[in-house]
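Structure, as structure tokens:
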Amino acid sequence: MAERLLVTALKGGKNTKILTLNGKRITKMPSTLEKLPNLKTLDLQNNSISKVCPELRTLTQLTLLNLGNNHLQEVPEEIKYLTSLKNLHLFGNRICRIAPGVFNGLHRLIMLNLNDNRLTSLPQEIGRLRSLTYLSLNRNNLTVIPKELCSLEHLSELHLNYNQIVYIPEEIKFLKNLQQLFLVRNNIEELPEEICHLEKLRVLDIAGNVIQIFPAGFQNLRLTEFYCEGNPLFLKRPFFAVQPKDLWTLREIAARFVLSLLEENDPLIMNVIESYPEVKDKLSKAKKCSICRKPFLTEWLECVYFVAPSKNWKISRNLKLIPVQTSVCSYQCFDQRDPDVFGIAQE
């Protein structure tokens with residue numbers, strides 16, 4: 001059957017636009033593909049192909065390539081020559097490696113499916129897929145989201161379910177067009193504040209992680225769907241505790257003093273700081289107290305308040321209150337807090 005389909009395609013020569021060899025028990029990609037220079041769609045899914053043929057690189061008009069459910073062990077170098085490619089399916093293989101430079105020529109790629117493989121990391125070159133709108137890497141062995149991925153300005157849908165990801169980089173704020181983010185069953189402990197900058201985000205699924213609290217401003221996201229079941233969220237169970245006195249390190253005292261002068265636009269301090277880029281970088285990470293609005297650097301009180309999820313959100317069952325993080329600079333400010341703000345008990 002496969003041979004007959006291939007013969008038919010070859011008879012069409014330059015006029016052949018589509019070749020489908022889905023589930024034909026093929027173990028080797030046909031080298032005669034070079035005789036189909038105007039091929040647009042090549043479907044080779046559900047076979048036993050372990051290596052692509054060199055002739056694949058001649059299919060420069062190809063817009064869709066499906067090699068899903070085969071035996072590939074890497075994303076092959078030949079793919080980088082498919083400069084017209086828009087859709088690439090490599091799901092269900094044994095891929096543990098992406099050949100160097102393979103993404104360099106795929107400037108038109110809008111959809112990439114690498115589900116069900118064995119990837120432990122992604123190359124920096126992932127950031128060169130500038131047209132990508134859909135990326136799916138479910139059920140791999142990823143531990144990190146590379147910051148280069150966050151430069152994909154057109155990305156609207158990102159699937160990273162069932163990996164081993166521990167944290168989300170703050171650079172996620174650059175995914176301005178992201179509408180759907182799926183992070184089910186990872187090892188994520190917290191979401192960065194920068195996720196609250198994703199104005200177009202509508203669907204967020206973080207079920208089955210180890211998140212206890214959400215960043216300040218999280219409740220203002222314009223979500224339509226939010227799922228967080230299977231996370232050990234903080235519960236509203238207040239109890240009385242004795243408050244110690246504020247004891248700051250000399251470094252924190254100095255940092256707060258300098259930060260206060262910077263807020264006043266003190267010209268002398270501003271000029272001095274410009275001469276010390278490392279100090280400037282550290283001070284740029286300062287936060288503000290939610291009570292007095294004064295800046296602090298490395299020492300503060302972690303607090304939580306509870307808000308009801310938006311009525312516009314489709315949410316996990318039984319989610320009544322969302323624990324949202326807030327920071328207080330001192331016990332003095334903590335005493336002036338809103339009654340709905342609680343300190344977080346330290347074990």
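FYI, residue positions are counted from 1 along the chain as it appears here.
Quick reminder: no glycine exception, Cβ is built from N, Cα and C everywhere.
Copied over from Swiss-Prot:
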type	residues	note
REPEAT	15-37	repeat 'LRR 1'
REPEAT	38-60	repeat 'LRR 2'
REPEAT	61-82	repeat 'LRR 3'
REPEAT	84-105	repeat 'LRR 4'
REPEAT	108-129	repeat 'LRR 5'
REPEAT	131-152	repeat 'LRR 6'
REPEAT	154-175	repeat 'LRR 7'
REPEAT	177-198	repeat 'LRR 8'
REPEAT	200-222	repeat 'LRR 9'
> What is the three-state DSSP composition of the repeat 'LRR 2' (38-60), stated as helix, strand and coil residue counts?
Replying inline: 5 helix, 3 strand, 15 coil
> Mean pLDDT for the repeat 'LRR 6' (131-152), as a whole number?
Replying inline: 98
> Sequence-remote contacts (6 or more beyond its ends) of the repeat 'LRR 5' (108-129), Cβ cut-off under 8 Å?
Replying inline: 68, 75, 83-98, 100-102, 135-144, 146, 148-152, 154, 159
> Can you name the far-off residues of the same chain, 6+ from the ends of the repeat 'LRR 7' (154-175), with a Cβ under 8 Å from a Cβ of it?
Replying inline: 110, 115, 130-147, 181-195, 197-198, 200, 205
> What else in the chain is close to the repeat 'LRR 8' (177-198), if you only count residues 6 or more beyond its ends and a Cβ gap under 8 Å?
Replying inline: 133, 138, 153-171, 204-218, 220-221, 227
